[in-house]
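Here is the structure we will look at.
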Amino acid sequence: RGYLDNITAIGPRTVGSPENEVLAVNYLLEQIRAIERESTDAHRISVNVQRPTGSFSIDFLGGFTSYYANITNVVVKLEPRNGAEHAVLSNCHFDSVPNTPGASDDAVSCAVMLEILNTLSKSSEPLQHAVIFLFNGAEENILQASHGFITQHEWAKSIRAFINLEAAGVGGKELVFQTGPENPWLVQAYVVAAKHPFASVVAQEIFQSGIIPADTDFRIYRDFGNVPGIDLAFIENGYIYHTKYDTSDRILTDSIQRAGDNILAILKYLATSDKLAKSFEYRHGTVVFFDVLGLFVLAYPARVGTIMNYITAAIAFLYLSKKILQPKTKAIHNLKKFFTAFSLTLISWICTLVTVLLVAVFVSVIGRSLSWYTHFYVSVFLYGTAAAAELILVHTLAKKFFYKNMNEQYLGDTFFDASLMIWSVALAVITQMGLCSAFICTVWVAFPLLAKLMIHREFSQKGTTMKFVMMYMLGMFVPYLYIMYLSWTVFEMFTPIMGRSGSEILPDVVLAGFIVVITMILSSYFINFIYLVKSTKATLITLTTVSVVTLILVCSGIFFPYSSDADNPKPKRVFLQHTSRRFHDLDGNVVKNDSGIWINGFDYNGISHITPHVPEINDTIRTPCEEQAPFCGLPWILPVHFMFRLVKSWYLPAPEIFPRSPIHFKVLSRELISRNTVRLSFEVSGPSHMSLYVRPREGSALSTWSLGNGMPVASLGGDYFVFYSRGLQATPWHFWIELTVPEKHSDGILSLAVAAHYFFGEDQNSPQLSALLDRFPNWTFYSGWSCTYDLFVF
C-alpha cells in the first residue's frame, strides 16, 4: 500500500506533465534501485528508461491514427545471473486520465508489480526465464507506450507471453477477461497457479465484441507484437472509475493482497515453465474457461467443448423426439401440442421484451433515465417485476382460454419439453457460431434433463408433489446458481458503464433488455409451474403493483440518478472545454471566429439536471454543426462523435483565450508528385495533446500519408482523425499527406483542422471556466480544460 499511496500522492499524471514524466518516473526509479540493492546474487536486474516516438492506426472508437513523441516507459528486467533467452512480460501503466489520481487505473497495478519485483528479487532460487516489468507511461493516450515498447525496445523480441494489469473499476476482484489469442497453455497456467481465480470466457467474448467502449494494451501486444497473454482488470465500483474519487483509500488492502498473490503465482509459474520457451509449439487452439463461484476454474479445449455441446444437444433432441413421436398413434397430436407450447413460450418472451422496452423508452422520453443508477433495486422493481408479470400473464391467459379443461400435468410436462427444446436449439446454434459461451446452454440443457430423467414419473402425481418439487429444484440448483453468479458479474460491469456511454445510447433500454433476458433465462424451466398451480392471480397482482408503483415513483422524480455520498459516490460525468475557434479560407484569411465553453454530459440525460444550478446552460445554446468542417468543426480529443448527439451538447459563449504556449502550424511545402497527385507537408508544435482532423474536399481523395503504416484510416462518418501526444519535450511534429485531386479544384483539395488541448499547467483553466465549474453541484465529476481550434483550406 505504501507504493500505491506514494504514486497517487503525486496527483494526476497526464502524459506530458512534469508529474508523469518526471515525478512518477523518478519515484519508480528510486524504488527499483532500492529493490536492486536488496536483491540476492541469484538474479540480475537491468533498468532502462525508454522514450519512443512512433505512429500506428487502430480500429478502436470507429478508427483513427495515433502519433506519439518522446513518451516514457520504465522497463525492468529480472533474470538469472547468467541471463535468459526468453521472457514473460508484466505490464501496468502509471499515467492517469486528466484531473484524476488514477489509484485503481492503474497505480495499484504498478504498486503490485513493484512488490512482486521485490519479492522475486529476494528469492534465493533463480528463475528459468526472465521477467520483464514494464511500467508504461502513456496508456490513457490510447495505448501509445505499449506500442512504443513492443515495436521498438530491444528486450521485446525475447517476450513469449504477457500479463496485462488493468482496471474498469476501483478495487474488488480482478477478472480475467481476455486470453490468447489461442495459446491454451496460458489459460492452463492461470488455472494451475492462481490462488483466487476469477475468470470468464463470457467476459472475453463480450469485451471483444466491442459492446464495451474500452480497450487495453492487450490489443497492442497481440496485434503489433504477435504475443499471447492474459488480461486482468478490477471491475468493482466502476461508478468512480476515471474520476477524482479514484483514490488509494478506496482500494481495500485485501484487494491488493489478492491481486498480488495471483499475479506473483502466475509469473513464477510462467518464469519456470518449459512451455514458455517453446510457446509456438502450444499455440493452436482456443479454450473454454470459467470460474465456479471463485473457488476454482474449469478449462477445457474449445474443440472438446464443441463435441460436448453437440452430444448434449443430440441427447436432448433424441429424448424429445422419442417422447413426442411415441406412441405412433399420437405422434401428430403430440407434435401439434409440443410446437404450440414451443411457439407460446417464444411469443411470451417477445411480448415481455416489447412491453418492458416500451416502458424503458417511455421513462427515457419523459426525462427520468438512469433513475436506478444510484439505486439499483429500482431497476429490478421497475423492469424485473414487469418482465415476470408479463410472462406469467401470457401463460395464464393461454391456460385459461387456449388450454381450457386440459390435464395440468400434461401441460406442465409439455412446456418443460418446449423450454428444453429452445435451449437445445440455442446450444446448437451458438456452438455452430463458434462461441465458447455456449457452455452456458450446455448447463441449461444437461442439468434439467438429468433432473427430469431422475424423477422417473411424469409430472407430479397425488401424494408426490412435494417430493417432485424438491427433486426438480435440486436438479435446477447448479444452472440457477451459476446464472445468478454470472448475472451479478455482468450487472456489476455494465451498470456503471451506462453512466459514461454517451448521449446516443438509451441506458434504460439497455438495462431493461438485460433484465428481460435474465428473467427469460431464469423462468424458462418454471413456466411449466404456471400450468400446474391453481391460480396465479395473487402473484400477478403483487408483481404488477410493485412495477406500477415503482413507475409512478420514477416518473415523479423521487429517485435522483446521481450521488455525492462520500463513502459511495456515483457522480454525473461532464466534460467542459473552453474553446477558441478560427476558420480560414483558401487565402488564409480568418472568415469566422468564436469562443465558448463546449459542454458534454457523458450520459443520456445530457445536462438537464445541471440547468437548475447553472441556468445559462439551457436549450438556447445547443452546439451547432459546422457542416463544411471535419467533425462538425469541434475540438474532439478523441473520435467519439458517434457516441454524442450535438443536440445534447452546449456551447456557452465565453471570452477568447490566449494560451501562453500557443500552437504553431505551418505548411512546409506543396509538391505535385504526378499529374493528379499532390503532396502537402506540414509542421506543428504545441502542447502535449493535439488533435488533427482531415477531410478531402469534393473530388479529392486521401491516398497515403506519413502516419501509421502509410494507409489512411477513416473514422466513422468518413473524416480522418489523428491523435497526437508527446512527453515533456519533443521536436516539432512533421508529417505529409498525399491526395489524388481533380483537374479543376477551385474550392481547394483539403480541409484540415488542428486543435490544441491544455490538460495541465497554467493554460488549463481560464478564469471563466473555473468560475463556471465552481457552480456545478457536488454530485458531478467535471473535467475541464482549455483548447484552441484552427481550420485551414488548401
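Even glycines carry a Cβ here, placed using N, Cα and C.
Range 540-562 is the one annotated as transmembrane segment, of 540-562, 632-654 (source: TrEMBL).
Looking just at the domain 'Endoplasmic reticulum metallopeptidase 1-like C-terminal' (569-792), the mean pLDDT is 94. Only residues 6 or more beyond the boundaries of the transmembrane segment (376-398), in the same chain, are considered here, and those with a CB under 8 A from a CB of the stretch are 344, 347-349, 351-352, 355-356, 359-360, 363, 415, 491, 495, 511-512, 515-516, 519-520, 523, 527, 530-531, 536, 539-540, 543-544, 546-547, 550-551, 554, 559. Residues 173, 176, 179-185, 187-188, 190-191, 194, 196-202, 228, 275, 436, 439, 481-482, 485 of the same chain lie 6 or more positions beyond the ends of the transmembrane segment (282-301) yet place their CB under 8 Å from a CB of it.
Within the chain carrying the transmembrane segment (540-562), a Cβ under 8 angstroms from the stretch's Cβ atoms is held by residues 359, 363, 366, 368-375, 378, 381-382, 385-386, 388-389, 392-393, 396, 570-572, 605, 609, 779-780, all 6 or more beyond its ends. Through the fold, the transmembrane segment (346-370) approaches residues 382-383, 386-387, 390-391, 394-395, 422, 498-499, 506-509, 511-513, 515-516, 519-520, 527, 551, 554-555, 557, 561, 603-605, 608 of its own chain, all at least 6 residues removed from its boundaries and within a Cβ separation under 8 Å.
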